[in-house]
Amino acid sequence: MKFLIFAFFGGVHLLSLCSGKAICKNGISKRTFEEIKEEIASCGDVAKAIINLAVYGKAQNRSYERLALLVDTVGPRLSGSKNLEKAIQIMYQNLQQDGLEKVHLEPVRIPHWERGEESAVMLEPRIHKIAILGLGSSIGTPPEGITAEVLVVTSFDELQRRASEARGKIVVYNQPYINYSRTVQYRTQGAVEAAKVGALASLIRSVASFSIYSPHTGIQEYQDGVPKIPTACITVEDAEMMSRMASHGIKIVIQLKMGAKTYPDTDSFNTVAEITGSKYPEQVVLVSGHLDSWDVGQGAMDDGGGAFISWEALSLIKDLGLRPKRTLRLVLWTAEEQGGVGAFQYYQLHKVNISNYSLVMESDAGTFLPTGLQFTGSEKARAIMEEVMSLLQPLNITQVLSHGEGTDINFWIQAGVPGASLLDDLYKYFFFHHSHGDTMTVMDPKQMNVAAAVWAVVSYVVADMEEMLPRS
């Protein structure tokens with residue numbers, strides 16, 4: 001049956017097949033929820049066509065193959081790097097060749113930091129080369145490096161209790177991994193807290209749920225009025241080893257060398273493409289992922305997958321000849337890893353039209369097998385999204401959970417626009433996150449097919465509804 005559906009929808013231009021009539025007064029909907037449910041249910045055949053094309057049809061594995069071509073040939077795409085700008089230009093050409101509309105680049109200014117050469121060696125109690133990855137925005141060491149005794153702590157509280165021991169030392173954090181959102185504070189704030197008690201540098205246990213001797217990088221933040229000290233992540237294994245040594249009273253000495261340097265901000269671009277709406281072209285449903293990555297691995301998982309299923313969503317809709325009532329806009333963000341820099345500048349440029357944004361969507365937590373969406377919005381909007389997700393019952397992907405926030409869409413969500421993030425299986429995500437292991441080997445083409453289908457169905461149906469999602 002699915003192949004019959006695909007053959008029918010693949011051969012004609014569907015334009016907008018979901019039915020719906022607005023009954024509004026002073027901008028307030030007078031439709032009952034049952035009427036809205038009927039409108040969404042009328043999109044069932046379109047949803048099946050998208051699923052069949054993405055998962056079983058000629059488009060299967062396309063997002064995976066497109067992604068592999070980019071990351072294998074360009075590699076990692078650090079903010080401020082030539083690789084990132086090369087990738088942006090390639091994507092600009094790709095989106096044009098794909099037949100999408102209003103393809104353009106929106107200029108932004110982004111940070112430019114480079115890690116340079118870096119090394120760490122344990123000198124006492126034995127010689128041991130320590131794998132490190134400097135953290136984004138860290139300063140470097142003097143050319144001769146920093147050689148100092150180590151103080152190992154497991155928390156900020158312990159650091160405060162032992163503050164008198166920290167001066168002139170390298171602080172090593174061996175904090176337990178609870179979850180990413182709770183543990184990442186040691187990466188972002190570890191240098192500042194160590195500097196406050198007089199440390200010369202900080203080394204932080206990688207924020208990872210599993211390790212095969214692999215350090216994980218990421219952004220860190222300095223604080224005005226606090227001395228800047230070099231900071232890097234080390235492996236889980238080395239952090240635990242030094243913690244065991246310290247518990248036995250063994251003196252540890254490390255020599256740390258880091259060539260990290262921050263350069264003036266540089267030019268970059270957010271990459272934009274659309275399928276212009278047939279009835280309300282000024283209104284927008286936004287789908288997105290970020291094109292930049294860290295400078296290790298390939299940035300395939302974070303966030304090549306999210307960027308490419310967002311492109312694939314528009315490709316699927318275009319291939320089926322669909323044109324929703326309002327505009328579907330793809331944005332591939334730049335400099336997300338530095339704190340959503342490109343996304344903030346996009347918001348500043350476009351917030352004048354905030355009343356026309358129905359839904360902002362971001363995929364930046366992997367493209368493993370999805371189970372649904374995370375959503376932030378009014379109760380009425382959530383109820384509507386639950387009906388939209390029911391169209392994905394053929395894939396058994398219907399969950400709508402809370403917390404749809406994402407770094408690049410938070411600006412809109414905080415201003416009241418409904419937001420959604422892809423909900424998928426994160427079991428392996430932090431094995432590879434911000435590490436040399438983030439390569440195409442992590443990616444699964446079949447899982448990407450399903451993720452793209454979810455992304456396309458949700459974005460299309462919301463864009464084709466007669467009315468925008470209700471806000472709080």
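Heads up, the Cβ atoms here are built off N, Cα and C, so glycines get one too.
Annotated features in Swiss-Prot:
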type: SIGNAL; residues: 1-20; note: signal peptide
type: CARBOHYD; residues: ASN61; note: N-linked glycosylation site
type: CARBOHYD; residues: ASN179; note: N-linked glycosylation site
type: BINDING; residues: ASP302, GLU337, HIS434; note: Zn(2+) 2 binding site
type: ACT_SITE; residues: GLU336; note: active site, nucleophile
type: CARBOHYD; residues: ASN353; note: N-linked glycosylation site
type: CARBOHYD; residues: ASN356; note: N-linked glycosylation site
type: CARBOHYD; residues: ASN396; note: N-linked glycosylation site
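The structure, with features from Swiss-Prot marked on it.
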{"residue": "ASN61", "record": "N-linked glycosylation site", "contacts (Cβ under 8 Å, 6+ apart)": "PRO445, LYS446, MET448, ASN449"}
{"residue": "ASN179", "record": "N-linked glycosylation site", "contacts (Cβ under 8 Å, 6+ apart)": "none"}
{"residue": "ASP302", "record": "Zn(2+) 2 binding site", "contacts (Cβ under 8 Å, 6+ apart)": "SER293, TRP294, ASP364, GLY366, PHE432, HIS433, HIS434, ASP438"}
{"residue": "GLU336", "record": "active site, nucleophile", "contacts (Cβ under 8 Å, 6+ apart)": "HIS290, ASP292, ASP303, GLY342, ALA343, ASP364, THR407, ASP408"}
{"residue": "GLU337", "record": "Zn(2+) 2 binding site", "contacts (Cβ under 8 Å, 6+ apart)": "LEU78, SER79, GLY136, GLY218, ILE219, HIS290, ASP292, SER293, TRP294"}
{"residue": "ASN353", "record": "N-linked glycosylation site", "contacts (Cβ under 8 Å, 6+ apart)": "GLU282, VAL284"}
{"residue": "ASN356", "record": "N-linked glycosylation site", "contacts (Cβ under 8 Å, 6+ apart)": "GLU282, GLN283, VAL284"}
{"residue": "ASN396", "record": "N-linked glycosylation site", "contacts (Cβ under 8 Å, 6+ apart)": "none"}
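Neighbour count (other Cβ atoms within 10 Å of the Cβ, all protein chains): 30 for HIS434 (Zn(2+) 2 binding site). Listed in chain order, the extra residues whose Cβ falls within 8 Å of the Cβ center of the Zn(2+) 2 site residues ASP302, GLU337, HIS434 are THR217, GLY218, SER293, TRP294, GLY299, ASP303, HIS433, ASP438. According to DSSP, ASN356 (N-linked glycosylation site) sits within a helical segment.
In the three-state DSSP scheme, ASP302 (Zn(2+) 2 binding site) is classed as helix.
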